[in-house]
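Student: My structure is below; once you've seen it, I'll send some questions.
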Amino acid sequence: MLDAFSKVITSADGKAAYVGGADLQALKKFVSEGNKRMDSVNAIVSNASCIVSDSVSGMVCENPSLIAPNGGVYTNRKMAACLRDAEIILRYVSYSLLSGDSSVLEDRCLNGLKETYASLGVPAAGNARTISIMKATVIGFITNNSQQKKLSTPAGDCSALASEVGGYFDKVSSALA
C-alpha cells in the first residue's frame, strides 16, 4: 500500500527528481484536508455496525427470498458471514479513505472476491445491492446528511471526500460484477 506521500516520493525517485511543483501542491492539499479525512473515517468507524446491518437488512427487505429456505442468507451462519463480509469491505474502504489510496482495498479485499463468492454460490445481485446501500449511507455520513449519525462530521465542504469514497465503493461493485 502506498499512501499519498509514498506515491509522490516513489514517482520523483523514479525520475531522479526532487518533489516539487504539482506534486508538492497535491501533498499540501492532502495535508490541509487531513482533519476532514480523519473525521470522515471516524464517522464511518463510529457508525460501522449500523452501516453494515442497515445495508444487509435493506438488501434482505428488497429481496425476502434470500432469507427463505435455500435463500442466500437463510441460515444464521450465512447471515453472520454476510454481515462479516460487509464489515470487512467497509473496513478496507475506510483504510483507503484514510490513506487516499485504493491499493489496500484492491490487494487485500477485492483480489479474488468475485471468484470466492461464485464458488460459494453467493448471489451477485444481493452483494451489489448491499454495496450500493452502504455507499449511499457512508456518503450521507461524510456529507453530514445522515439522520443516524452518532458523531458530528467535519464542517465545510466534504464533497471531494464523498466522491473519493464513492469511487472506492464503485471499485468494490466492479470487482463483484
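Every residue gets a Cβ built from N, Cα and C, even glycine.
Note that the structure is predicted; figures quoted are calculated from it, not measured.
Among the features that Swiss-Prot reports, (2R,3E)-phycoerythrobilin 1 binding site is placed at Y18. The (2R,3E)-phycoerythrobilin 2 binding site annotation in Swiss-Prot covers K28, N35, D39, N144, P154, G156, C158 and is backed by experimental evidence. The annotation 15,16-dihydrobiliverdin binding site is assigned in Swiss-Prot to C50, D54, C61, R129, Q148, K149. Positions annotated as (2R,3E)-phycoerythrobilin 3 binding site by Swiss-Prot: C82, R84, D85.
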Student: As a test of the contact definition, list every same-chain residue at least 6 positions from C82 ((2R,3E)-phycoerythrobilin 3 binding site) whose Cβ is closer than 8 Å to its Cβ.
Tutor: V56, G72, V73, T130
Student: Cα-Cα separation of C50 (15,16-dihydrobiliverdin binding site) and N144 ((2R,3E)-phycoerythrobilin 2 binding site), in Å?
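Tutor: Computed Cα spacing between C50 (15,16-dihydrobiliverdin binding site) and N144 ((2R,3E)-phycoerythrobilin 2 binding site) is 16 Å.
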Student: Hey, how far is C158 ((2R,3E)-phycoerythrobilin 2 binding site) from D54 (15,16-dihydrobiliverdin binding site), Cα to Cα, in Å?
Tutor: 23
Student: With an 8 Å cut-off on Cβ distance to the C82, R84, D85 Cβ center, who else from the chain surrounds the (2R,3E)-phycoerythrobilin 3 site?
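Tutor: For the (2R,3E)-phycoerythrobilin 3 site, the extra neighbours are V56, A80, A81, L83, A86, E87, I88.
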Student: Closest to D54 (15,16-dihydrobiliverdin binding site): which of the binding-site residues Y18, K28, D39, R84, N144, going by Cα position?
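Tutor: That would be R84, nearest by Cα distance.
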Student: Rounded to the nearest angstrom, how far is the Cα of R84 ((2R,3E)-phycoerythrobilin 3 binding site) from the Cα of N35 ((2R,3E)-phycoerythrobilin 2 binding site)?
Tutor: 29
Student: Which site among N35, N144 has the most other CB atoms no more than 10 Å from its CB, taking these as binding-site residues?
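Tutor: By the 10 Å Cβ neighbour count, N144 comes out on top.
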Student: Return only the integer: C-alpha distance in Å from R129 (15,16-dihydrobiliverdin binding site) to K28 ((2R,3E)-phycoerythrobilin 2 binding site).
Tutor: 37
